[in-house]
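Student: Mind looking over this structure? Questions follow.
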C-alpha cells in the first residue's frame, strides 16, 4: 500500500517566495492552501525573536514503521517530555518553524496535542529531522504511518455460558451503564439494529483515498463501522444490547487511516471525558498498523485515566507484537476464531497470534448490520469482529460492576474464557507456547466473582542470543508479581530472579553462553492489601542443596525461582524436594542462588504441590485443585536439561530437552512444583453471599 496521495513536494523557501510573487504562482498556492503565504511572512517576522536551540547533543530518538509500504514520510509526530506544558509545546513548534525557515524550508503544524500526551503533528521535509530532534523538550519523533480496518449467529451462542443457553441469547446484563467509543469508518445510524443507540460525533480525521484527490462522504462507505456497531450493541445480533455508542471517523472509505489521526481521536475521547465525566468507558480500536511507540504511549495514557481499550490483534497471520495498538500492554488484544473454536484463516493470511494477544473471540462469518439499507444484514470476518465481541462482553461486565479496574476486567475475561479448545498446530511452532489458548465467554454471573484470587501468566519479549542477554516480564500497575520463571528452547539459560524496578517487582531471566535467547515469565495476580518481598539464599556449600524460606511472621510462600552463574549446572538426582512439615521453603541446586517470593495479605493461605516423573518424559505437569489459584511454577532440578517452567491457567508445566540430545539416564527425574493459593476472607465472603 502506498503513501497518502496528498503528500506535497518541498521547495527551498527563496524559490517558493519567488513563485508566490508571480500571479500564477500566487493563485496556485492559494488554491493549494490559502494560509501558506501568511505563514511564511509570520515565520520571517518572528525568526529573530527565537534563539537557536542548543546543539550540545540530544537523547531524542527517531522512529518509523517497519512496514515500508505503510510509511507516510513528510508527516511526523513530535512527542515532548511528559511534564511539558501546552505553552511550551506551542513554543517548540514555532521554534521548529522559524529555524526551518532560516534554512529555506517551509513547515506546517497540523495539530498540537494536549490532554493525552504533549507534542505536535508537523508536515515537513525529512531533511529537518536532525534539527527537530535537538529542540528543547523533545522526547522522540515518529514518522506517521497507515492503520487499516481488520475485517475481511453462531457467535452469540459461543460466548454464552451453558446455563444461559436457550432458544434466544439473553445475557445477564445488557451493558446499559457503559458507553463504547468506536474509532472506525462512519456509521449508518438509522439502521434498525442500532437506531437510537449510536451517536455519530463530528470527529473526522482521515487521509485521502489512494488514487483520488477527494474524500467520499462518510455515508457512502460506512459498512465496516456499521457492522461493528451492530456486533457490539445491535438489537438482534449484538452482544451488549443495552450499551450506547459514539463513533469517531478515523478510517476512510478504503478502510485506511493514519497513526496521527488515531492519536487525535484518542485525544478527543480524553478531552470529552474531562469535560463531561460519565460512567465506565470502553474504546474499540478495530484497526492495526505497524508497531508505533507513540500510539502505544497514547493508549497507555488513556488506560491509566480509567478507560478500557479493546483492539484487533490484526489479520496478518503474524506476531501481534509487531503491530499497534495490538502490542500495547495496557490494551486488551483480541485474536479471531471460527465456529469450531479454531484460528481464523483469511486467504493466505489469518488472525495474528503470540504473547501480545490476551484472548480470542468469534471472528469468522459474523452476521451484523449492513449499510446497504436500514434493514440489511451482512456477514464479515476478521479480528475487528472478534474485538467487537470482547468490547461487548467488557461493557456488560462493567455495567454490572462499574468500579472494576482494567486489571480486574482483564483477569476476569481470562478467567471465564473457554480454555484449551484451540488447535495450537495452526500457529508457528515457536509461537504455540506464547499464544493463549483462550476463547472469550461471558461469566456465568456478572456478580460475585470478586471472591476469587485471579492470576495470569505474562511472557516477556525474547532476549538476545548473547551470554549476558536478559529478558524482563512486568505485571500491570494494579497487579502483584507473585512468582518468576524462565524458558529457553535450547535449555541454555541461567535461571531467573525478581528485582525491584521503578517501585515495582519485575521478573528477569538470564541467557547462557551458546543459548538462543530466553523468556522471562511473570505470574501476575490481583491481591489487594498485599505486602510482598523476596528472600534470597546464595549458593550453598558443596554437597548441600540451597534452601530459603519465608521468615517473616504471617508471610506465605507464593513462588520460587533460581539463578546461577555457571554455564551448566549438570545433573541433580533425585530432585531436591522440600522436607515434610516445611511448606514455606524453596530448595534448589547447590550452585544456584534461590529466591523465595513471600507475601502477606488478609486471609492468604498457600500450599505446595509437587509431581515428579523419571526420564525419558519431556514434560511434567501439576495442577491446583478447584478453589485454589496457581501463583508459582518452578522446576526441579534447575539444570540445563530443563527448558523451563510456566503456568497455563491453573497448571504448572515443566519441559525438558529431548532425551536423545542430553545423555540423561533413566535414573534422573524431573519434577514440577506448583504453589497454590487462596484467600480465606474472599471464600468466606462468597459463602455468605450464597
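Backbone N, Cα and C atoms are what each Cβ position is placed from, and that goes for glycine too.
So Swiss-Prot says this about it:
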type: MOD_RES; residues: 45; note: phosphoserine
type: DOMAIN; residues: 75-147; note: domain 'Inhibitor I9'
type: ACT_SITE; residues: 184; note: active site, charge relay system
type: DISULFID; residues: 221-253; note: disulfide bond
type: ACT_SITE; residues: 224; note: active site, charge relay system
type: DISULFID; residues: 321-356; note: disulfide bond
type: ACT_SITE; residues: 384; note: active site, charge relay system
type: REGION; residues: 448-690; note: region 'C-terminal domain'
type: DISULFID; residues: 455-525; note: disulfide bond
type: DISULFID; residues: 475-524; note: disulfide bond
type: DISULFID; residues: 484-507; note: disulfide bond
type: DISULFID; residues: 532-599; note: disulfide bond
type: DISULFID; residues: 550-598; note: disulfide bond
type: DISULFID; residues: 560-586; note: disulfide bond
type: DISULFID; residues: 606-677; note: disulfide bond
type: DISULFID; residues: 624-676; note: disulfide bond
type: DISULFID; residues: 633-652; note: disulfide bond
type: MOD_RES; residues: 686; note: phosphoserine
Student: Return one of helix, strand or coil for residue 384 (active site, charge relay system), based on DSSP.
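Tutor: Reduced to three states, the DSSP call for residue 384 (active site, charge relay system) is helix.
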Student: Including all protein chains displayed, how many Cβ atoms other than that of residue 224 (active site, charge relay system) lie within 10 Å of its Cβ?
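Tutor: Residue 224 (active site, charge relay system) is surrounded by 25 other Cβ atoms within 10 Å.
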Student: With a 10 Å radius around each C-beta, find which of these disulfide-bonded residues (321, 484, 599, 633) has the fewest other C-beta atoms nearby.
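Tutor: It is 321 that, of the disulfide-bonded residues 321, 484, 599, 633, has the fewest other Cβ atoms within 10 Å.
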Student: If you measure from the CA of residue 455 (disulfide bond) out to 10 Å, which disulfide-bonded residues from the list 253, 524, 599 are inside that radius?
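Tutor: Of 253, 524, 599, within range: 524.
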Student: With residue 598 (disulfide bond) as the reference Cα, tell me which of the disulfide-bonded residues 356, 525, 532, 624 is the closest one.
Tutor: 532
Student: By CA-CA distance, flag whichever of 356, 484, 524 among the disulfide-bonded residues is nearest to residue 560 (disulfide bond).
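Tutor: For residue 560 (disulfide bond), the spatially nearest of the disulfide-bonded residues is 484.
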Student: Rounded to a whole angstrom, what is the C-alpha distance between residue 484 (disulfide bond) and residue 676 (disulfide bond)?
Tutor: 14
Student: Around residue 598 (disulfide bond), how many other C-beta atoms are within 10 angstroms of its C-beta?
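Tutor: Looking across every protein chain shown, the total is 25.
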Student: List only the single closest residue to residue 525 (disulfide bond), chosen from the disulfide-bonded residues 321, 356, 550, 677 by CA-CA distance.
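Tutor: For residue 525 (disulfide bond), the spatially nearest of the disulfide-bonded residues is 677.
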Student: Within its own chain, what residues at least 6 apart in sequence put their Cβ under 8 Å from the Cβ of residue 507 (disulfide bond), listed in sequence order?
Tutor: 460, 472, 473, 474, 481, 484, 485, 496, 497, 498, 520, 521, 522, 561
